[in-house]
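Remarks on the structure that follows.
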Amino acid sequence: MVLSETKLLNNLRAISRYCILFGVVVALVFLPFGGIALELQIVLALAALTIGIPHGAVDHLITVPKLASLKMALFLTAYLGVVGVAIWAILSANLIGFQAVVLMSAIHFGLGDAAFISELDARQLGVKKFPKAAYIVASGFTPVVIPLVSQQSTEALAAVNPKLIDWAGAFAPALFALMIVVAAASIIWMLITQRIQEAIDLALLLTLVLSAPPLVAFAFYFGLWHALRHTGRLSLEFEKAQVQHRKDKSWNAFGVSVLAGAPALAAVLAFTIFLGISRGFDLSQQLLWYLLVVIWALTVPHMALTLRLDLKALRL
């Protein structure tokens, strides 16, 4: 079973890297033509974000799998209640809500990606000590903050919600420089401590956010990096996936984990459209904004539920 788990995690790591490289290549190909057109950016972002939605929908099956039907119903009601409050907070207090989401997302992504590495380490022999703190900060804040304070962020935020353009105020240039230094220092630290694979991961993320438009950079990271790796981790805990791992069928284990969250995709898309229509939105202009709002809101209870799994994997 351990062999199947290790094989899956390594394969997902490779695939997520290829996805990020694809994003970098696409950005560079369009560079001589003035960059990727905003319309294409939105299409790519919507596609990548949609792919990432199911990864957060299996939480309750792992963290609270043995609740009786009534208790599970109450739990899900509370879960969705938190999502509702989060949606209201983001929509009614755009700037403060967005700033809170940025910080929360960076922490969640950093913990999750570091936990993925720790799960791999636990299944391999002779690995060097993992500098967790440096990796958590760099892997979480690089793909979240840098795209939002880069010179291209104005166009991206205008496409999402113009009220967010000055979310970092006068601190944006300093924040951009700080994040570059943090990412570069973390890469160097990984090299010094002989964590070459982690250095490659961080270098890829830094290259993506510096070359691709912000919408594409974040969406590719969320749907084609974080979601893939998180789903791989879920297969280590999800009982139906464990059955497949015991049969040495790693991709079946991954497939079972994906399918368990698939119904959430239809639910999230339907709710996003319903929410937008109820607020009189223009589908062609504001779909990305409302989809991001719903995803950010779902991140609040998702982060709370997965925190225990993250800390367990990180041995914290």
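Note that Cβ sites are derived from N, Cα and C of the backbone, with glycine treated the same way.
What TrEMBL says about a protein is an automatic prediction, not a curated fact.
Residues 44, 200-201, 204-205, 207-208, 211-213, 216-217, 220-221, 224-225, 228-229 of the same chain, all 6+ positions outside the transmembrane segment (15-34), place their C-beta atoms under 8 angstroms from a C-beta of that stretch. Sequence annotations record features per position, and here TrEMBL assigns transmembrane segment to 15-34 (among others).
The transmembrane segment annotation in TrEMBL covers 40-58 (among others).
Per TrEMBL, Fe cation binding site is recorded for HIS55, HIS108, HIS226, HIS230. Sequence-distant contacts (6 or more apart, same chain, Cβ under 8 Å) of HIS108 (Fe cation binding site) comprise GLY140, THR299, HIS302, MET303, THR306. In three-state terms derived from DSSP, HIS108 (Fe cation binding site) belongs to a helical segment.
If you look at the transmembrane segment (70-90), the same-chain residues 6 or more away from its ends with a CB under 8 A from one of its CBs are 60, 64, 97-98, 100-101, 275, 293-294, 296-298, 300-301, 304. According to TrEMBL, the transmembrane segment annotation covers 70-90 (among others).
Counting same-chain residues at least six beyond the ends of the transmembrane segment (130-150), those with a Cβ under 8 angstroms from any Cβ of the stretch are 102, 105-111, 113-114, 117-118, 121, 156-157, 167-168, 172-173, 175-176, 179-180, 182-183, 185-187, 189-190, 193, 195, 198, 201-202, 205-206, 208-210, 214-215, 217-218, 221-222, 225, 314, 316. Per TrEMBL, transmembrane segment is recorded for 130-150 (among others).
What TrEMBL records for 170-192 (among others) is transmembrane segment.
Note on the transmembrane segment (204-228): residues 12, 15-17, 19-24, 26-28, 31, 35-36, 41-42, 44-55, 109, 112-113, 138-139, 142-144, 146-148, 150, 152-153, 155-157, 159-160, 180, 183-184, 187, 288, 295 of its chain, located 6 or more positions outside it, place their CB under 8 angstroms from a CB of the stretch. According to TrEMBL, the feature transmembrane segment maps to 204-228 (among others).
Under the heading transmembrane segment, TrEMBL lists 253-275 (among others). Outside the transmembrane segment (253-275), and at least 6 residues removed from its termini, the chain residues within Cβ reach (under 8 Å) are 4-5, 8, 12, 50, 53-58, 61, 87, 231-232, 234-235, 238, 240-242, 244-245, 283, 287, 290-291, 293-295, 298.
As annotated by TrEMBL, transmembrane segment applies to 287-307 (among others). For the transmembrane segment (287-307), same-chain residues at least 6 beyond its ends with a Cβ under 8 Å from one of its own Cβ atoms are 42, 45-46, 49-50, 52-53, 56, 59-60, 63, 79, 82-84, 86-87, 90-91, 101, 104-105, 107-108, 111-112, 159-161, 215, 222, 230, 268-269, 271-273, 275-276, 281.
Classification of HIS230 (Fe cation binding site) by DSSP places it within a helix.
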